[in-house]
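Reviewing the structure listed below.
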Amino acid sequence: MTQSQQVSADPAPLRTPADYQAQLDEKRERLCGLFADFTLPALEVHASPAEHYRMRAEFRIWHDGDDLYHCMYAPATKEIIRVDQFPTASRLINQLMPVLLEGLRPHPVLRRKLFQIDYLSTQSGQICVSLLYHRKLESEWQQAAEALQADLRAKGFELQLIGRAHKQKICLGEEFVIERLTVQGRQLVYKQVENSFTQPNAAINEQMLGWALDVTKGSEGDLLELYCGNGNFSIALAQNFRKVLATEIAKPSVDSAQFNIAANGVDNLIILRMSAEEFTMAMRGEREFNRLKGVDLGAYQCNTIFVDPPRAGLDDATVKLVQDYDNILYISCNPETLQANMAVLGETHEIARFALFDQFPWTHHMEAGVYLKRKAG
């Protein structure tokens with residue numbers, strides 16, 4: 001991104017607590033309206049911090065001669081906006097942003113064809129920074145980047161620095177950070193890997209985990225989770241169940257989940273690297289898988305299933321699979337697809353608990369949670 005393009009200063013909006021409450025009330029009304037055709041319990045609303053809530057941020061880089069700045073595109077106009085501070089992002093990201101640019105400016109080898117910087121921060125104080133380039137990274141870059149990382153660490157940042165280019169990734173330390181979340185008074189440890197999915201709002205993540213624990217309190221039998229990622233939910237929920245089975249297909253996520261199981265001393269959770277479709281075939285005895293050697297599926301009585309699908313929601317086949325379970329815990333990042341899935345799930349199950357999580361304040365997006373129980377008779 002070059003100086004020939006127009007760049008505007010970031011006009012940070014002045015927002016008050018009343019403004020935050022107003023946007024939260026609008027989401028509450030919209031969510032209740034979306035589910036007006038269902039018999040609903042009282043909606044449980046979980047508010048976010050109004051600023052410094054986002055643990056991840058990505059910025060394009062604008063070059064002006066020997067200088068450079070973070071910038072973003074305005075959603076409506078696509079205008080390039082210079083960003084010196086970003087109140088949406090964590091305080092740690094905001095602290096590092098100017099210091100990192102200060103470290104990059106004197107070094108052409110670090111600046112040249114740098115087009116994006118990604119930040120992954122934690123509440124624990126650790127942060128991972130990825131520098132993305134439109135060129136191959138040579139040994140000269142690595143030497144300069146190692147010096148930059150050492151300088152930033154000397155300034156008090158518990159930082160991991162990564163360089164990325166086409167088909168190239170150079171990790172100068174680790175490619176992950178360790179997050180610590182407090183859930184119902186208990187501290188949970190999570191390995192979060194660069195460039196893989198993690199919950200963006202740590203405060204809301206803690207509230208979602210606490211809510212999931214509360215709604216499944218006193219559960220009988222075992223839990224099945226489909227596509228568990230790094231074990232974010234299954235590790236927290238394991239204390240409420242005799243045993244937990246979780247599936248995940250991405251190897252980096254499975255590796256992180258195994259690390260997190262050990263780090264949290266969980267001894268009743270098994271992660272299976274397989275798809276929901278494969279697991280269904282195995283559970284019904286339709287096919288055998290080498291990956292299940294040593295796992296006795298017959299020893300599990302999964303009365304409860306947990307799903308946290310992408311924005312598209314559950315496909316028709318998975319909805320039918322989920323209906324087989326007495327209790328369904330469903331976290332949705334798109335209540336419209338949750339509503340569509342509920343058109344089917346509502347035939348057999350009723351909504352026992354209903355929650356709104358303000359994962360993305362100041363945006364249209366909402367996160368919703370429902371706990372469904374099989375209808376009597």
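Each residue, glycine too, has its Cβ placed from N, Cα and C.
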For the S-adenosyl-L-methionine site that Swiss-Prot assigns to Gln199, Tyr227, Asn232, Asp308, which of Glu179, Glu206, Glu248 is also named?
Glu248
Could you state the whole-number distance in Å separating the C-alpha atoms of Glu367 (active site, proton acceptor) and Cys333 (active site, nucleophile)?
4
Just to be sure I understand: of Gln199, Tyr227, Asn232, Glu248, Asp308, which binding-site residues have a C-alpha no more than 10 angstroms from the C-alpha of Cys333 (active site, nucleophile)?
Asp308
By a 10 Å Cβ neighbour count, the lowest-scoring of the binding-site residues Gln199, Asn232 is Gln199
For Glu248, Asp308, Glu367, listed as recorded positions, tell me which one has the smallest number of other Cβ atoms within 10 Å.
Asp308
